C-alpha cells in the first residue's frame, strides 16, 4: 500500500496512530488507534461528518478509549510497532472504496466507510452508535459537494466557509452583537445596492471610527429579525477572516487555493450568502508573488457574474490608494459613504449601547455622562471620529470606576499599612524589658486595638456596599438573558414562552431591580458605582492633558489670585499680566470662543523687560513646569524655505514623514503655551501660516492632518518700537506710548495679521525700583541653590541697593542685573567657598565695605 496515495490529513492521522500505539505499549497499530487519531486530530475532517449524522462524538470517543484499554500490552518491544493484519485489510478496503468513488487519493471519510464494511470490533462499534454505509455515503456527498478527491490537500479546503469566515447572522441570533442605533439611511442604501441585478456589491466608505462595520452588523440583525425585503430574507452574512485565510499558507499557491475554495462554496450557496470583507483594501495585493494573481483579481470574475454578493468596508484614504487605482475592481463595487454622526446622533447611539457597557463593567452610566462624552470628545479630541471616541471615553470611565470597586479603598489600605507598622513595632518592643519600653508597649497595644476595631468596621461597610452592588448586577444579567430569550421565542413563534417571559419573568425581575436600586441609592461611604460627567472629564483630561474637569475650590482660588502669582516673578508689567490672566480665566470658566485659541498676544517692548519671562511664568502657573512651553525662536525662520519646517515638508521632499516642528509639538501637547520669540525676525511668509492659527485655531500640516490650536495660548514677542518707548517713556502715558509703538508695528506687519491678534501689549522700560525687586527675586534663587549645599545666605539692604544700582541700565532692562550678580556676588562667594573661608551650616551675610560686596560669616 503506497502512503503517497493517502491525503495529507490521513497521513498525519496514521503517524498519530503509530505514536499512540507506541505510547500505550501496543505491539500492533489497530484500526481503533487510527480512529482515535482521526477524532483527536486538529481540524478533524471526521468530526463534522459524525456531527452531521447526529452521532454523540464524546460517547464514541469514550467507547474507543475503553477498546484501547482492552488491547494487550507488550513491554520491551523497543519502539518496533507494526501494522496489524486487520489494519492492512482495512487499507485495502479503503483503496477499493476510493477507486469505486473515482478518487485519486484516499481520504479520511473513506476510512469510515471501509470500517463499516469490515466485520471487526471497530465496525461493530460504529454500527452500535447508529452509522450505516448508506447514511455515511450520503453525508460524504453532502460535505464534498459532488467533488472528487484529486488533491492531497482536498480535506483542508473543505468547509472553507466555516474555517475562513465568521457568521454574523449566527452571532446576531445569539445576541452577541451590539445594538445598531441610527444609521437607517446607510443600511437602507446598502440593502438597495444588494437588491440590484448586477453590480450588487456595496462598499462602505468612511473615516476610521464612524461605524462602517456596525452597518453590516445592523444588516445582519435586520435579516435575523426579518426586517428586510423578501429578496434578502433567510440570507447569511459571513465576514471573511483574512487572518485565517493567510495564516499558515507556506507554499506558493496555497493562499489562492484557500480563497478559490471559499469562492467555490459561495457559488454553490447560489446567492444565499452575503460575504462581508472588512478592510477591503487588504484584498488588493494579498497573496501576490512573482507572476501570480492577487486576491482582488480572483474576486473580479465572481463579482462580475453576480455569483458573489459582497459588502466591502474601507477608509477613504485606503479606497483612494488601493481600490481606485484598479478601475476594473472599483467599477464592480457601488460606494456607500458614511459620514461622522452629529453630537445628537452620538448621544442616541451611546444611550443604545449603555446597557451593554453597564452589564460588562457592573456600574451605572448616568445620562449626563453620555451627553458629556459626546460633547467633550467632539470639542477636545479632534484627530478621531464620533461615535468611536465618545464610546472610548464611556468605556474607560466605567473601567476606572470598576477598578475602584474591585480594589481596596484608600482609607482601608492606609489603615492596613498602619496596623502592619504597629505590629512590627510591637514585636520589637516585646523583646525589651525596661520600664520605658513596657510603657510604650502598653500604649502601642491600645492604639493597635483601636486601629483594628476601626479597620473591622470599615471592612464591614465595604463588604456590605460591595454586596449591594453585586446584587443589582446579578439581577441585570438575568434581565438581559430574559430579554434575549424573549427575542428567540419571538423568532421561533413560541407564543406561550413569549407570554410567560413578557408578563411573568421580565416584570418580576424589573421589580426586583427597582428594589435593589433603591437600596443602592442610599449614600455610599466608600464606593462609587456611577459614571458621571466628572469621571468623563477626568478621563479626557488624562488622555489629552486639557483641564476640562470641574474646578476644585483650590484651583478657583488660584485663578482668582493669578495676577499675584505672576507678579512674584514678573515685575512692573501690570497691563500684560492682567491681559494674560483674564484670557486664562475666561478659558477655564468656559466662556472663551471654542473655535479660537485661548488667547493670542503680541508682546512689544525693549529687551530685558520680562516678555519671555512672563511666558515662562505662565507655563509654570498652568502646568507646574516651564518645560510645558513650546518655544520657537523665530530668528531660525529668516529664509523663505525654512517656513516648511513649521508645518512639515511637502510630499516628495526629504523629511516628509517627520512632520512639522510646530504642528507635531501641538499634536502631542494640545494644551500648551506657544512662544514665538523675536517674531519680527521671521520671513513674512511665516505670518501667512499664523493667520489660520489665530483666526480658526487650526493648521493643516504637510501630511494633510488638521492640528487643533484651540486649547493653546499663542504669545509672540518683538522688539519693534523699543526706541520709541525709550524716547517717550518720560513724557507720554501708557496709551500714548502704545500708539507710538503701533505706528512702527503697523509698518512692519500686515493689517490682516495684527487684526487677528487678541491683544497687543506694550511693556514698560524698567525703573530703579523694579530692578531692586528683580534683584531680590534673583538673590532668592541663589539662596535656594546655596541652601541645597548647606549654606544659609542673608543679604543686607545696602548690598541689595548696590546690586540694583550696578545692574541698572535703562536701555538693556534686567539682563545686566544677572551679570552684576555674577560679578559682585557669585564670583566672591565661589572663591570664599573654595578657600574654606565659608563653612556649611552657618549663616553667610552679604555686606558692603568700600562700595564692594563681601561675603562674611
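Placement of Cβ uses the backbone N, Cα and C atoms for every residue, glycine included.
Here is what Swiss-Prot says about this protein:
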DOMAIN    3-146  domain 'Clp R'
REGION    6-71  region 'Repeat 1'
REGION    83-146  region 'Repeat 2'
REGION    159-340  region 'NBD1'
BINDING   206, 207, 208, 209, 210, 211, 212, 213  ATP 1 binding site
REGION    341-545  region 'Linker'
COILED    391-525  coiled coil
REGION    555-765  region 'NBD2'
BINDING   605, 606, 607, 608, 609, 610, 611, 612  ATP 2 binding site
REGION    766-857  region 'C-terminal'
Not counting 206, 207, 208, 209, 210, 211, 212, 213, residues with a CB within 8 A of the CB centroid of the ATP 1 site are 315, 338, 385, 388
Ranked by how many other Cβ atoms lie within 10 Å of their Cβ, the binding-site residues 210, 609 are led by 609
The average per-residue pLDDT within the region 'Repeat 1' (6-71) comes out at 83
Cβ-Cβ distance under 8 Å, sequence separation of 6 or more, same chain as residue 611 (ATP 2 binding site); the residues meeting this, in order, are 603, 605, 717, 763
Rounding to whole Å, the Cα atoms of residue 213 (ATP 1 binding site) and residue 607 (ATP 2 binding site) are apart by 59
Close in space but at least six residues away in sequence, with Cβ under 8 Å from that of residue 608 (ATP 2 binding site), the same-chain residues are 766, 812, 813, 814, 815, 816
Close to residue 609 (ATP 2 binding site), taking Cα pairs within 10 Å and only the binding-site residues 206, 209, 211, are none
Near ATP 2: residues not in 605, 606, 607, 608, 609, 610, 611, 612 with Cβ within 8 Å of the site Cβ centroid are 603, 613, 717, 719, 763, 813, 814
Comparing the Cα of residue 212 (ATP 1 binding site) with the Cα atoms of the binding-site residues 606, 607, 610, 612, the shortest distance belongs to 612
CB contacts under 8 angstroms to residue 211 (ATP 1 binding site), restricted to the same chain and 6+ apart in sequence, sorted by sequence, are 180, 183, 338, 341, 349, 387, 388
Comparing the Cα of residue 210 (ATP 1 binding site) with the Cα atoms of the binding-site residues 606, 607, 610, 612, the shortest distance belongs to 612
Densest Cβ environment (other Cβ within 10 Å) across the binding-site residues 213, 607, 612 belongs to 612
Spacing of the two Cα atoms, residue 606 (ATP 2 binding site) and residue 207 (ATP 1 binding site), in whole angstrom, works out to 50
